[in-house]
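First the structure, in the form of C-alpha cells, and then the observations on it.
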C-alpha cells in the first residue's frame, strides 16, 4: 500500500539525503559504555571539583562546586578512589552465522557488518545492568551480524531471509531503551540479526495543508525536529531521550514527551504505521491501515497493536504523524510550594481545569536540592531561589528549606496575550495552595538541565554509586500515598541491607484528567556490596511491587521489555497476555522477532 497522497498539497523532501545524528559507527560519536556524546560528561578535575565537559549543553565547561559538596555529603564519595572501567574490548563472542546465510545477505546489497564492536554496541540499551556489564564484563550473547536497511523494501528482504534461514531479527533504533528490550536472549541458538534502522532516517514528505508528515522509522528525534523546523513545523514530541531515540522506538514503546499537554502522546500523534510482520508465507507481509483520515470506525485500530509491541510483532518502517506550526512564543515559569503535597494538590487542580501549559513538572525536595546544586560556580545570583527570594520564602512565608518543592512550567502560544492568560490561570490556582511564582529564569534552567541529568549515572559508577530511574502512572487520589510508600519501601530495603548512603526522589512529569506520571530516581553507595547491580535490582523490584500495590501502572512510557516482563500478567491480566500471544502467533508464526520482550516466561539475566 502506498503512503503517497495528493502531490499538489504535499511537499516532497529534497533528494539530498540528511545524515543521521547516530552514524553507522555510533561509537565514533557516542560513548560505547555510557550515556550520550563522547565529548560530554561529568568529571572530576585536578582540584577534585566536578565539572561538565564539552560545549553541547548550557552547563558545559562549568565547574560545579555545590554539586561536588552535595555528592560527597549524600553518598559519602571519596574522589581519590576512582573505580576504573575496562577499555573497549578487542575480543567478542564468536559470530554464529552460516556461510549460506552470509552469502544470501551479501546478495541483498544491504550494508552489513560482522565486526565485534559493531555487534557489541547494538547488544544493549541503557539499563544499569547493561552499562555495568559494559564497564566490567562482557555480554554472553550479542548479535551475530548487523544490517542497515535504507527503506521499507530492504526490511521486507531481511525478514524473508530470516524466515528462510530460521534466523532471529531484533530491530534496533536509537538504543536508548531502559527496559532490557535490546539485549539478546542468552539461550537463543539461532543466528541473531540486529536490524539497525538508523540509516532509514528520512522525512519522505510533508503535507502542510493537512498538517501531517511521513518519515522513516529510524530517524532520530533531534534530526526529525530540525528538518520540521526548517518548514516552520514541529511534531511536539520531546521525550527526555529525544537527542538519541528514534521515531520507530517511540511507536514501539508507546512513548510520551514532555509537551504532551499541547501535542499529545505518541498514540495521539500517529496517523498510520507501516510494519513488516513475520508472516512470510503470505503475499503481503506488511501491516498497514487503509485510508489516511483523521479518524475511522472500522473495527479495532490495528495501529494500537503495533504501538507498544516493542519489536516483537514486526519491524516498524514508516510512520505518518501529525505536525503543528511552530509556536511564535515560548515562555518559562516556576512556582515554589511549601511542600510536595501542596504542589500535588495544585497540579491536580490545574489538570482538573484543563489549563496545563505545554509542560508542567513538580519536583520533590530532593529533586529541588539536586537542581540547586547543579548551578555553576559563577551563577550564585541565578540560583532557583537567590538570596532575596530565599529570605522572603523561608523567613516571611515560613517555608522550610528541607520541605519546599518547585514546579517548572513551559508555555507556548502565538501571542503574548495567549501566554499571559495561561500564566494567570495557573498562578491563581497555585496561590490557593500557597504557591509563589519564582520567575522565568528558574523555570528555563530547570528544563535546560533535562538532557544532562542522564550523564550523572556514569560519574556515579566511577565512584561507587549505582543509580537508575523508573516511572509509573497513577490516579490522583493515590498519587501522594504511592510516592510516600515507595520512598518508605526503598528506605526499608536499603536499611535491611545495611546501605547507609542512598537517595530516593520523585517528580510529577505528566498530568491527565484522571491521574499523573510519577518519576522516581534512586541511587545508592555500593562500596562493600558483593553484587551491587543485583542488590539494586532487588530494591527496585521491591519498589515496583510497592507501586503496583498502591495502584500504579507497570510503566507510563518506558515500556516492559525483558526487565519488567514478569509483571506483565499483573498489568494486563491473563486474558490480555493470551490476546497478545495470539497476535504474536499470527503476525510472527516463525518467531522471527524473538527478542522475548513482553514475555512473562523470560527469566534469564545478562
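Every residue gets a Cβ built from N, Cα and C, even glycine.
The domain 'FAD-binding PCMH-type' annotation in TrEMBL covers 139-326.
A coil conformation is recorded for residue 311 (FAD binding site) in the three-state DSSP classification, outside any helix or strand. Non-local neighbourhood of residue 311 (FAD binding site): 170, 171, 181, 252, 593, 595, 597, each in the same chain, at least six residues away, with C-beta under 8 Å from its C-beta. What TrEMBL lists as FAD binding site is 171-177, 253-256, 310-316.
Feature annotation from TrEMBL assigns site 'Important for enzyme activity' to 361. Of all Cβ atoms in the shown protein chains, 24 besides its own fall within 10 Å of the Cβ of residue 361 (site 'Important for enzyme activity').
The annotation substrate binding site is assigned in TrEMBL to 457. Long-range Cβ neighbours of residue 457 (substrate binding site) (same chain, at least 6 residues apart, Cβ-Cβ under 8 Å): 34, 35, 128, 131, 467, 468. Residue 457 (substrate binding site) falls within a helix when secondary structure is assigned with DSSP.
Remark: residue 519 (active site, proton donor/acceptor) has 469, 470, 471, 506, 507, 508, 509 as non-local neighbours, by Cβ distance under 8 Å and separation of at least 6 in sequence. Look at TrEMBL and you will find 519 tagged as active site, proton donor/acceptor.
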Report, in whole Å, the straight Cα-to-Cα distance of residue 361 (site 'Important for enzyme activity') from residue 314 (FAD binding site).
35
Please report the Cα separation of residue 361 (site 'Important for enzyme activity') and residue 255 (FAD binding site) in Å, rounded to an integer.
17
Ten-angstrom check, please: count other Cβ atoms within 10 Å of the Cβ of residue 314 (FAD binding site), all chains counted.
28
Can you tell me the three-state DSSP label for residue 171 (FAD binding site)?
strand
